[in-house]
Amino acid sequence: MASPGEETVIITHVGKKKKAPSRYWQEQQKEETTDGAVKGTTEPTVVEEKTPKQKKRKLKHDQNKNKKFISGKSDPFPGYAPIPGDRLQKFKRKEKINKPPRQHFKLRKLIVRSEEASEMAQKQAARFDLLLPEEAGFLEGDEGEDTCLVSQEDIANAVDITSGAKHFNLKLSQFGPYRVDYNKTGRHLLIGGRRGHVACIDWQSKHLMCEINVMESVNDVKWLHSESMYAVAQKKWLYIYDSKGIELHCIRKFNDVLRMQFLPYHFLLATASATSFLQYLDVSVGKEVAAINTKTGRLDVMCQNPQNAIIHLGHPNGTVTLWSPNQKEALVKMLCHQGGVRSVAVDKTGTYMVTSGMDKKLKVYDIRAFKPLKSYFLPAGASCLSLSQRGLLSAATGDIVQVYRDVWSSPVTKPYMAHRVRGAVWGLHFCPFEDVLGVGHQDGFTSMLVPGAGEPNFDGLDANPFRSAKQRQEWEVKALLDKIQPELISLNPTELGHVDRATFQQKHEDRVKALGFDPLAKVKFIPKYKKKGRSSAGRVEKRKKQVAHEDQRDIIRKAMEDKKKTDEEQNRKEQKKALLSSQKSALDRFKK
């Protein structure tokens, strides 16, 4: 036990709090204070003992003081950052709807809520657009230099190693000429030789996924919804293979197929045959959706409109027809050329269509109005056409591939780029999200570098070039759930949101016939029974008269409006007659 004179040492299980590490500016302040204490007066400093309450109060005061010091300045840019008008216009969804009167308050609230959500989504999209760092660049020459004279080797040497490796040649002279197709993400390449050679490649890593020879002629090849399956139009029938080259299906209903197009959001494979049949296959369930006899002869020119999933077919009589699986007749017939149509291409917005024909002309059409915009003469004509995501047009003439810019906005006098390949070109396809043009020709395959061709920013939820196998599986399930039915394919997709008033009227008439009375007719007024002497005979009659007067007022108002319209029309006719009579005629001199 300690003696009374000794101090008791209290040891707790909780250690002392460590001091926060001092900063360099705090050390300087300490030094300044110590120097000041040494140099200043030698009066003894009095240390005041403070109670815990005083310490806490001082600590709070210091914190408040610091806060006031930090947030003392006003924000020079209050609120959200302003959004440029052109960016907002880019993501504009719809025009504002006229709000109904106050009686329909529920519908009014619903429309207001919908407009607010649409406006918020528009602003958010415009803000997030700033986060898209990639920009599309084009090839620009020096003063007096023509960009079409720049060779592919010069471009490959000038760019970085990764981009330069995208230009390559596959020499496959034994089985050519070749058809070409890139999948939706732009990562995988599918080539099919006329003499039976089929190969699918991860063209960026140059990894060969599979290579087979089907031992009969191949007319066309096409990727399906993912890189795990592709379709091959062989001599007799249509075959489906997987990415390892294993035959999955032989569909004998689809015979003599010449060209194919895959509609990714509908999971439909559209085929055009030598027997003049346009057929649709639903690849999700393996059933034929529609078979249409076009009665126009051999169908070897085909393309799709990515905007509304309408199929465009070119015919030997110079016409281009537009087809949907819902109708047995063509939606539109356009006379585009004086000779046979050789190739057709539609841009991704579904606004412009480019055609080439045997009359050696290249024509640009506005599909919204079905009118020609531009017409160009090519000395040898164009056998193949392809449009990129950024609106560049590639046209093949024999063994020369030419790329044009802005063919629909301004007159084009010379090509943007040009390249000669080894043999006649049989297939052209721009790679999505890459500045690359795939060319299938007699001697194999060539990958061309075309600056400014691909969309630089991709949608990771729709087509992600860097997705893993797990992400692909999840995307496939979601895409199947969101599959659009073929009945919804129409020339104008915005019609789906409109009310079919004629059908509504017809349904209403059928309902009246079935019920024997009109459920929507105005019911005859029956006054309610009110208590406390308010339902006397006189008051009831008074209420009836009020309602009758209201109905009568509506009838009188309508009659007055009709009378006003007829009077205005009569006055207009009289004024017109007076104006004609006031004008002098050459025969007036014979009047007495």
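Backbone N, Cα and C define each Cβ position, glycine as well.
Pulled from TrEMBL, these are the features on record:
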COMPBIAS  53-70  compositional bias 'Basic residues'
REPEAT    334-375  repeat 'WD'
DOMAIN    415-493  domain 'BING4 C-terminal'
COMPBIAS  547-577  compositional bias 'Basic and acidic residues'
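Computed over the repeat 'WD' (334-375), the whole-number mean pLDDT of the model equals 95.
Under DSSP, residues within the domain 'BING4 C-terminal' (415-493) fall into helix, strand and coil as 17 helix, 22 strand, 40 coil. Within the repeat 'WD' (334-375), the DSSP-based counts of helix, strand and coil residues read 0 helix, 25 strand, 17 coil.
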